[in-house]
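Note sheet for the following structure.
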Amino acid sequence: MSDMTVKDFASKVGRDVSRLLEQMQEAGLPHKTEGDAVSEEDKQRLLEHLTRSHGGDSGATKNRVTLTRNTKSRIRSGDGRGKAIDVQVRKKRTYVKREPEPAEEKAAEETGPRQLVGDMASANQAKADEAAKAEQAAAEQAAKAKAEEEAAAAAASKAAESEPVAEAPGAPQPEEPETASEPFVEAPPKEPRTPNRRGQNHQKKDTGRGRKRDDDEERRERGERRRGNAKKTKRSERRGSRRGGGRDNQHGFQKPTQPIVREVAIPESISVADLADKMSIKANEVIKAMFTMGAAVTINQTIDQDTAAIVVEEMGHKPKLVKDDALETEVLEGISYEGEEITRAPVVTVMGHVDHGKTSLLDYIRRTKVATGEAGGITQHIGAYHVEHESGDITFLDTPGHAAFTAMRARGAQATDVVILVVAADDGVMPQTVEAVEHAKAAGVPLVVAVNKIDKEGADPDRVKNELSQYGVISEAWGGDTQFVHVSAKSGEGIDALLEAILLVSEVLELKAVPEAPAKGVVVESQLDKGRGPVATVLVQNGTLKRGDIVLAGLHYGRVRALVNELGKRVEEVGPAMPVEIQGLDGTPEAGDEFIVVADEKKAREVANFRQGKYREVRLARQQKAKLENMFSQMGQDEVAKVNIVLKADVQGSLEAIRGALEELSTDEVKVAVVSSGVGGITGTDANLAVASEAILVGFNVRADVSAREIVEREGLDLRYYSVIYQLIDEVKQAMSGMLAPEWKEEIVGVAEVRDVFKAPKIGAVAGCMVVEGTVYRHKRIRVLRENVVIYEGELESLRRYKDDIGEVRSGMECGIGVKNYNDVQVGDKIEVFDQVKVERSL
């Protein structure tokens, strides 16, 4: 064996050579290759190492032995049926041999009584051995002799009780072995939890009779205690006996001595349940804290970032505001706009008051008839046009001048380089003119004032300069920095000078763009075309937009299927400062959204989905919350009349303007609720929604399809088409006026003065009166005034003149008046006759 190598040793023990080498190195042996020799000493060291690593002790395993005994018996029940019950008793005992203690220490520790107890234990051990032998010999005989007496107990234990049924011998059991076994059963601390390891060395019993008897006594006592607790199962009893009852395994949680302060990461919107989870507290505690702060919320309600930060600070933690735009930032940072820069055409927005000639001026420049195509002769969309001039190219954006299109004008100012402010020379500065000036200043865009209609009678250009100077727009002739150009959209006077002024301002701005970069820009308008799907009018501000590019615009994305310029022609690519219609998006983006071209469609979809989820969360967070200060005001909202409207428009910008104008019409008595709004024709879904919500179907420059018309005719819905925003708003106002509660106005029709009072047998007190004002009518409401103080209000019961009942008495005539249910009429009182008139209200 001394010449055995590692390889031979591995094949002998059935181990892999590499694994055996690892174990030998862990044991501290110097073997590294399979050819190294293995001695008997090396094998012994390896065996001791493996024994220790498997939770055993090389010395302790020799001092512990586990014996298992199975005893089978059969008893018959005493109920007369002759039923036999098989009983199997399993016994498992582990014996531990203590290491002998030094005689000197034992002698020093033991006292006189201890020695006496030891002598008694040794004397009683012989008796215990004899009793154990007698018990083992008579076990089966005693079981058969007392089968009928133990049948009930065996059935109660369900024939599987861990305590043996037949183990009830009549031999006397001495009590002393419990005390006598104390010097022998003191085991290592692991004794209460009896191990059952595989591969454990079993040894023969040497002196285990007395200890076995003591274990049986303890086992019996534990069994009696377990039988007293009927709630424990057999499995838990066996587990408890194996684990020693859990008396030594006392575990528990300790309460923190100081409050734990956590750093809570808060996104832009978070639900109450998620916020409580981040702070490791219950959600009802967060709800209570917010209730004390004046906000009543539910567990699933979404709150914004600022509110959540206040709540976290109130709960004693540190808020950490987190931005959720990491994915967007990653996509945007991957786009490079570096390259050779070129001078691009300026983007010019035409703004001004309605009917001041903005579109007509642009029409003359383009040499086309645009205004005649607009309903009512007013612009209701943002039109984007590219004009080639001999001095340079210019891109024009025509914005509406109506008051409802404030948001569209603001978007036009943000997407532009120069603003042309059109002011009629005969009309002067109007509200939308001032608003356009404010938009231009807010966007930091230079102004060029075009004083239009200069050829009309009554034109006063100096008046325009004077009025604009009050708003900070100073002419260059007056020492300012704003160019004023006198033009006429009808005759074309001053058009060239206006274009030269625009190009001059653009040269000063030094407008640059990188045509080789991916395109980016702004969405000017969007609509849902029945044949083409979602169509977005965009203005390219930088880069080049090509057919096939992947575009991310607001909440939507898609691959560009077609590019159509303002002339209706399809093009393959569009450069900077050029307007174009794109097809291929999965929806209609909001007007004013920025668009970019990304390289990866998967990234674009992820960003779009993230924005949609974020938009939904923010919208839910901004909804009206049930706060304490407005609870009472919300209680009376059910009594308010409501006009429900399902609105469909042709383009996104008009839809937004109309929706805002309708919501502004709401009053304290009548609310306008836009139940649903969208771009495109009226469908059957819209009609069904109008039926469910009892709403008016309104189409702005759109029509209903066949299914929608069938539902409208069947249900009798109110469907209205409009092409001018004036008419839409006026008719909604009329509908709201019809829902207003009418006013009742009191109108005094006559006054009579009491001259005398006399008694009538059937009526009672009758006032003899003189009509001093108006006409007194019978069966109308009256008031009795004494010294101009109302003392009674009731009804005129009888009206007579010379014993004749009459219907009315005019001024200057005498009459007798009987007041219903009132007899305290005195001379000098005045009787005032009035009528209630219904007055229709209007907004």
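Cβ from N, Cα, C; glycine included.
Lifted from Swiss-Prot, the feature list:
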type: COMPBIAS; residues: 29-55; note: compositional bias 'Basic and acidic residues'
type: COMPBIAS; residues: 60-70; note: compositional bias 'Polar residues'
type: COMPBIAS; residues: 96-112; note: compositional bias 'Basic and acidic residues'
type: COMPBIAS; residues: 152-170; note: compositional bias 'Low complexity'
type: COMPBIAS; residues: 203-227; note: compositional bias 'Basic and acidic residues'
type: COMPBIAS; residues: 228-244; note: compositional bias 'Basic residues'
type: DOMAIN; residues: 343-512; note: domain 'tr-type G'
type: BINDING; residues: 352-359, 398-402, 452-455; note: GTP binding site
type: REGION; residues: 377-381; note: region 'G2'
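Secondary structure at Lys358 (GTP binding site), taken from DSSP and collapsed to helix, strand or coil, is helix. The Cβ of Gly352 (GTP binding site) has 28 other Cβ atoms within 10 Å, all protein chains considered. With a 10 A radius on its CB, Asp355 (GTP binding site) counts 15 other CB atoms from all the protein chains. The helix, strand and coil residue counts that DSSP assigns across the compositional bias 'Basic and acidic residues' (29-55) are 14 helix, 1 strand, 12 coil. Averaged across the region 'G2' (377-381), pLDDT in this predicted model comes to 45. With a 10 A radius on its CB, Lys358 (GTP binding site) counts 29 other CB atoms from all the protein chains. For Ile454 (GTP binding site), other Cβ atoms within 10 Å of its Cβ number 21. According to DSSP, Gly352 (GTP binding site) is assigned to a strand segment.
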